[in-house]
Number of protein chains: 2
Amino acid sequence: MTARTAPRRLDARAEDFEASFAELLTAKRETAVDVNNDVAAIIAEVQAKGDDAVIACTNKFDRLNLEGPEDLRIPQARLDAAAAQVPSETLEALKLAAERIEAFHARQMPQSMSFTDEAGVELGHRWSAVDAAGLYVPGGTAAYPSSVLMNAIPARVAGVERVVMVVPTPDGVENPLVLAAARLAGVTEVYRIGGAQAVAALAHGTDTIAPVDKIVGPGNAYVAAAKRQVFGTVGIDMIAGPSEILVVADGENDPAWIAADLLSQAEHDPSSQSILITDDAAFADEVARAVASQLQQLSRQDTATASWHDFGAIITVPSLADAVPLVDRLAPEHLELAVTDPDALADRIRHAGAIFLGRYTPEAVGDYVAGTNHVLPTARSARFSSGLSVLDFMKRTSLVRCDADSLGRIGPAAVALADAEGLEAHGRSVSVRLNR
Amino acid sequence: MTARTAPRRLDARAEDFEASFAELLTAKRETAVDVNNDVAAIIAEVQAKGDDAVIACTNKFDRLNLEGPEDLRIPQARLDAAAAQVPSETLEALKLAAERIEAFHARQMPQSMSFTDEAGVELGHRWSAVDAAGLYVPGGTAAYPSSVLMNAIPARVAGVERVVMVVPTPDGVENPLVLAAARLAGVTEVYRIGGAQAVAALAHGTDTIAPVDKIVGPGNAYVAAAKRQVFGTVGIDMIAGPSEILVVADGENDPAWIAADLLSQAEHDPSSQSILITDDAAFADEVARAVASQLQQLSRQDTATASWHDFGAIITVPSLADAVPLVDRLAPEHLELAVTDPDALADRIRHAGAIFLGRYTPEAVGDYVAGTNHVLPTARSARFSSGLSVLDFMKRTSLVRCDADSLGRIGPAAVALADAEGLEAHGRSVSVRLNR
């Protein structure tokens, strides 16, 4: 891929707009690396040899010298020490974030229900938490304490008893902020492992690490492939892609604010994507200049520049209403509506992971302290999936109860359908109970 | 695998019980066929050549002579004709089932919500339906009209506008019951295609078949592998395994009824699994005899016998309370509680796809007319997943709104966390809006 030197500029009035927009929509932002065979081999090794395989992989890939299974776990005392190491301002901010995340997610708790219908059949469903959840936290630069809160707190709110975190410590380097966040979020076990071997250990269990029922959290290509492969043995969350922001803004905004918003996601990764849609061409130019200017001062300048030039875009539309179908086709992870009447626009939009309403709601508040979850669907998957929630850590059991009378009312139809499908034993299990 | 000649008998009082139960729990019921490369090739072909590839695959695998894209669709007139062909008793039974399924699933509709918290931040979420859902229906013997209802009706209740069904017609043989069910369930398009090529067409779209956002429904190894591979481009439901029933019964039941229930799932597939747990050893023997006797008269005798002998089990426990931990470890797709006080037992059980309460609730009513969904988690996945519901066809968008005051209250913590994570542009997008 040729690196671009400026973001795409699209004009919805232009003749070639549909072609340009389609190109933007389908532009590959990630090069798929096929690690499936390597990952399958690691998973098979962990299934066969348990702790020994996990230790061998960890010593090899993370350059550690673990001697036995007792070295896998990061003990509670280390979590306490890590928390003591974190500056108090940061710790207070983490606590505020944790409280707000907990309060919002508590409102997501689903209701069990039960009713008796006119046929006399009692029907319902009951929600319950999974027994154990595994949380993958990447090592290195992408290890974010905020992500620990966002993944662990919904599990705790759902009522999950074991919340197990795995985090690699390459060359033995621990991230105190991540450990402090784990302590704050109520994580019950932490292991210093990563990669496919960590996912395999969580899914299949070892002598030291009891298996979990659901694995969540972002990771590299190996982790993503491993999650895909263990899906079925355990549940998994979505496969996260690089982050995205789409800002719909009118000309009444401060260009510097909107530029800052676009850069807040561009700085994540060279594959991140920041898009502005506006009905004001002059404002579009001002934002473009503001982004260029702010890029000069940014510590993550190289990353943000690569993202903005390669995948960024500025789209001008005749009116804000024309933004609606474009937003739905992009189905962005994050959508900011920096306009006078954001509700009118939001009501017409069908596909977005999260919507940030109005000029004073920069997307970054959602990354940390709004209370909503920052694990959101990427790569247009907001068309069919949702951000992480307590529901990801719960499951529903259906309940059915008939008595002789109500079975007498609905049973004959079941027998008729079983007959039609050639499933004789299905029909018999009902008919033996009829006419008693 | 050596075919067994009788089901396993386990006694919880026996010394080797734990080993026997663990063996039962981990017994492989399906031989995994690796068709990943074949499937990847088919998907790539459909992506590259669209309709032409779908037609070529269909003519080859289903032995048809489709001449062009216009032959792919089964027109509405055929659906009408199919419905006219179905005996009225069957059609009435399908209608009753459809009405009851719709009524139950209407109660699952989730609530959008919004509130302003004490910091003045407005938070909420909004549920909306996916635009288009694809429903895979297998051809041949496993083509069940009841499954068409169970997959399509929740999509329609959720508000999905396009519900697209694909069903292979090997050698041109159509199943009028399946087509009649599609008509009844409000399926909007039907295509005569199957296998990986159908999944690829639904996920990536062709000139004739517009892409969908979510694909549901059971299929063979090719279909399962294809769903796994397109996951991310579209959403998918669970990967369904062979069906299961676990009956917990006391000695007060008619052994013939319980035997019929066990056989109702055994007749599905040689890999199906039927298990009885009882506190009455004499009753266990009676059920074993009743199963053997009923097997003699069953049209699907070979299938049911293979399933019952290879994977069936009868477990005796000292008391019904001892069944609870065993049930949770099995996490069955279907659980029948044929006991005097089923509620007391149900309250203590954590993991099951659906629970059928009491002596007059054979599992088969749930397959057809109870109203609950018969697409349920198999292979112990009830530990972490749920039956199909309207939620599978909907997604949630988070909503956040700050004004200058509320951003002033929570913004500084966001800036502190962004700083701690080294994400300067995140912090700036908040701090530029503070102190105005």
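Quick reminder: no glycine exception, Cβ is built from N, Cα and C everywhere.
In three-state terms derived from DSSP, A:Glu333 (active site, proton acceptor) belongs to neither a helical nor a strand segment and is classed as coil. Among the features that TrEMBL reports, active site, proton acceptor is placed at A:Glu333 (among others).
Annotation comment: TrEMBL describes A:His334 (among others) as active site, proton acceptor.
Positions annotated as NAD(+) binding site by TrEMBL: A:Tyr136, A:Gln197, A:Asn220. Cβ environment of A:Asn220 (NAD(+) binding site): A:Pro138, A:Gly195 lie under 8 Å away, each six or more residues apart in the same chain.
Residue density at A:Asp367 (substrate binding site): 29 other Cβ atoms are found within 10 A of its Cβ, drawing on all protein chains shown. Taken from TrEMBL, the feature substrate binding site applies to A:Ser243, A:Gln265, A:His268, A:His334, A:Asp367, A:Glu421, A:His426.
For A:Gln265, A:His268, A:Asp367, A:His426, the entry in TrEMBL reads Zn(2+) binding site. Under the DSSP three-state reduction, A:His268 (substrate binding site) is assigned to coil, being neither helix nor strand. The Cβ of A:His268 (substrate binding site) lies under 8 Å from the Cβ of A:Pro242, A:Ser243, A:Thr303, A:Ser307, each of these being in the same chain and 6 or more residues away along the sequence.
Candidate recorded positions A:Asn220, A:Ser243, A:Glu333, A:His334, A:Glu421 yield A:Glu421 as lying near chain B, with Cβ-Cβ distance under 8 angstroms. According to DSSP, A:Gln197 (NAD(+) binding site) is assigned to a helical segment.
Rounded to a whole value, the Cα-Cα separation of A:Tyr136 (NAD(+) binding site) and A:Asp367 (substrate binding site) is 18 Å.
Highest Cβ count within 10 Å among the recorded positions A:Glu333, A:Glu421: A:Glu333. Long-range Cβ proximity for A:His426 (substrate binding site), meaning a same-chain Cβ under 8 A and a gap of 6 or more residues, is found for A:Ala414, A:Ala418. Following the DSSP three-state reduction, the secondary structure of A:Glu421 (substrate binding site) is coil. Local packing around the binding-site residues A:Gln197, A:Ser243, A:Gln265 was summarised as the count of other Cβ atoms within 10 Å of each Cβ; on this measure the leading residue is A:Gln265.
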